[in-house]
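Annotation source Swiss-Prot lists domain 'Globin' at 2-143, citing sequence analysis. Taken from Swiss-Prot, the feature N-acetylserine covers S2, and the record attributes it to experimental evidence. Taken from Swiss-Prot, the feature O2 binding site applies to H60. Annotated heme b binding site per Swiss-Prot: H89, in sequence order.
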Amino acid sequence: MSLSAKDKATVKLFWGKMSGKSELIGADALSRMLAVYPQTKIYFSHWKSCSPGSPEVKKHGKTIMMGIGEAVTKMDDLERGLLTLSELHAFKLRVDPTNFKLLSLNILVVMAIMFPLDFTPMAHLAVDKFLCALALALSEKYR
């Protein structure tokens, strides 16, 4: 699924509106993923706590959203732009790529909750397409 010029512009516009709350979005989305899909906790067994609001969840939520923010700037070539992150997740962290989609779903939920007026159906569509493209780019090294 490719991103049109309109999709890219919509993602950039929405990211600009929500980026000030990206840490909160990341922490909430990660907390939701860990609660709704408890099997994902296996990747974080070294943490003291996977509970919502724990320092580890907040920190990793911030890291995730910083990575997504970087991806927003590399939308024209996500595969090449995220090569290092793809290699990290495939070879070192060994994250099942299915989890990228699970996290994306939770990010969409949190964005809709936090930005009900800005997260229009068109914004939802564009951000969803972007997160799908991002997940695909991160999965590239698994092939």
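Cβ from N, Cα, C; glycine included.
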Using a Cβ-Cβ cut-off under 8 angstroms and a sequence gap of six or more, which residues of the chain neighbour S2 (N-acetylserine)?
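When sequence neighbours closer than 6 are ignored, S2 (N-acetylserine) has A133 within Cβ distance under 8 Å.
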Report the same-chain neighbours of the residue listed as 'O2 binding site': residues 6+ apart in sequence with Cβ closer than 8 Å to its Cβ, ordered by sequence.
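The residue listed as 'O2 binding site' has long-range Cβ partners G26, L30, F44.
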Run through the domain 'Globin' (2-143) and tell me, per DSSP, how many residues are helix, strand and coil.
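Per-class counts: 113 helix, 0 strand, 29 coil.
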